[in-house]
Amino acid sequence: MNVSIVGSGYVGTTLAACLADLGHDVVNVDIDESTVAAINDGDAPIHEPGLAERIERHAGDRLRATTDYAAVRETDATFLALPTPANDDGSNDLSIMEAGARSLGEVLPSDGDHLVIVKSTVIPGSTEAVVTPAIEEAGDLAVGEDFRIAMNPEFLRMGTAVADFMDPDKIVFGATDERAYETLDRLYEPLVEETGAPVVRTGLREAEMIKYANNSFLATKVSLINELGNICKEYGVDAYEVADAIGLDDRIGERFLRSGLGWGGSCFPKDVAALIAAAEDADYDPELLKAGVNVNDRQPERLLSLLDDHVDVAGKQVAVLGLSFKPGTDDVRGTRAIPVIEGLHERGADVVAYDPVAVESFREYAPDVDFVAADSAADALTGAHGAVVVTDWDEFAALDDEFDEMATPVVVDGRHVVERRDGITYEGLTW
Ligand SMILES: NC(=O)c1ccc[n+]([C@@H]2O[C@H](COP(=O)([O-])OP(=O)(O)OC[C@H]3O[C@@H](n4cnc5c(N)ncnc54)[C@H](O)[C@@H]3O)[C@@H](O)[C@H]2O)c1
Ligand SMILES: O=c1ccn([C@@H]2O[C@H](COP(=O)(O)OP(=O)(O)O[C@H]3O[C@H](CO)[C@@H](O)[C@H](O)[C@H]3O)[C@@H](O)[C@H]2O)c(=O)[nH]1
């Protein structure tokens, strides 16, 4: 099929490269000229394992990019993979989606066949109440007659985007008419044949809600294991053995049970906040979701209070190991490193931080959060009176003699990665 994708960020670029790999002809439409140029040059505009090879393989052949929305006219279906950030009150900001939908409406063919597919994460009702009217008004078109609409949420994770897309746990099709489902079936047929992934056919609002339910469930699951881990810590119980054991119960499942410093990223914080705001907008008080956020917000201070138990850090160097929100990415959106570093500053500490890839992106994202960047974990640790582990990078698990260079070897591990050893005072956040 001929497919266009509006928005070429983490989701749009991954989707484009993977659909090209599955045999479709794909065009990316983006307002960012450098992104467009990168794809046309056969380069990946973002770093994701497996992405660069796919773009290099298909660019100039089955994959191209443009800033010109008119390219959608040559295609059978268009995905909208645009950002849906949070407003100040946490609610879903749909202004970029609306602008993209209007630009699309201005050029969309009115042949009645073209399928517009909302890929972005949007609050239930948005596809019908915001995206569809924006297309209709901009192009003087009528949904169901001139074009069709569907919602197909995305569940890929950063750092494993390509692998997740190519081997999904499920594929969700939200639509209101049979022809829309059939187009989606044709688009995903090679993937479904290859992987046997279950396809869920549902309504537009249900598809929108499945995405929020998925992320809220997982974020709350992590907060629940963090709460249990905090209690374990108080009673001297190994929280990780407890998690491994409860995970053997199929009803609980072993994944997303790693307790520690909590969740960050571009999705969990934003999506849970948006669902809370949407619930409150409907006069429902989402107590459990709010509790999950509160537990998450408390973890950095718990980490620092464990450090306080061993050392007064005022005027002393403290090493922060890890800045990205999780390993395998330089993404720092929602990273726990920010409250951790701010808490250290409040205590009067001098922060020396190390991250294998995320120093630059952190400086850009949080220019007011001051620290000295170290070239290695060893450099950050040398002379430090305490160390805190923020991100579970593999290389931190290999640290050993490096701790001997600390002024006082107190290590507070927010991610359960550092090996306990003689000669260091070790505190795990939850064990
Ligand atoms: N990042 C993830 O892991 C992930 C996973 C699942 C779902 N999502 C959801 O997918 C959506 C997109 O997220 P993302 O992380 O890919 O965003 P992103 O910020 O990485 O990329 C968005 C792209 O849209 C482009 N853009 C902005 N306005 C435009 C316009 N008017 N016309 C054309 N292009 C425009 C930007 O230049 C950018 O390249 C969001 O709703 C997000 O919540 C993200
Ligand atoms: O057991 C766990 C698992 C995760 N985390 C933390 O949770 C956050 C999110 O991790 P992860 O889900 O791996 O990363 P994302 O790339 O943010 O992916 C989530 O958000 C995406 C965007 O919506 C969805 O598509 C994915 O399905 C969903 O997992 C990170 O800070 C992790 O450190 C834990 O603390 N313990």
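Note that Cβ sites are derived from N, Cα and C of the backbone, with glycine treated the same way.
Sequence annotations record features per position, and here TrEMBL assigns active site, nucleophile to Cys267. The NAD(+) binding site annotation in TrEMBL covers Asp30, Thr84, Thr121, Lys270, Arg333. Summarising the annotation, TrEMBL assigns substrate binding site to Lys211, Phe256, Leu257, Arg258, Ser259, Gly260, Gly264, Lys326. The domain 'UDP-glucose/GDP-mannose dehydrogenase C-terminal' feature in TrEMBL is assigned to 319-420.
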Cα-Cα, whole number of Å: Gly264 (substrate binding site) versus Thr84 (NAD(+) binding site)? 17
Ordered by sequence, the long-range same-chain Cβ contacts of Thr121 (NAD(+) binding site) under 8 Å (at least 6 apart) are Thr84, Pro153, Glu154, Lys211, Tyr212, Asn215, Cys267, Asp271, Ala274
Can you list which of the binding-site residues Thr84, Lys211, Ser259, Arg333 have their Cβ under 6 Å from some atom of ligand 2? none
Where ligand 1 binds, which of the binding-site residues Lys211, Leu257, Arg258, Ser259, Gly260, Lys326 are close by, with Cβ under 6 Å? none
At a 10 Å cut-off from the C-beta of Asp30 (NAD(+) binding site), count the other C-beta atoms across all protein chains. 23
CA pair Arg333 (NAD(+) binding site) / Lys326 (substrate binding site), Å rounded to integer, equals 10
Mean per-residue pLDDT in the domain 'UDP-glucose/GDP-mannose dehydrogenase C-terminal' (319-420) works out to 97
List of residues, in chain order, with Cβ under 8 A from that of Gly260 (substrate binding site) and at least 6 apart: Asn226, Gly229, Gln299, Asp392, Gly414, Arg415, His416, Leu429, Thr430
Any idea what the Cα distance is from Phe256 (substrate binding site) over to Lys270 (NAD(+) binding site), rounded to a whole Å? 18
Site of maximum Cβ density within 10 Å, from recorded positions Leu257, Cys267: Cys267
C-alpha of Ser259 (substrate binding site) to C-alpha of Asp30 (NAD(+) binding site): distance in Å? 38
In the structure shown, which of the binding-site residues Lys211, Arg258 has the fewest other Cβ atoms within 10 Å? Arg258
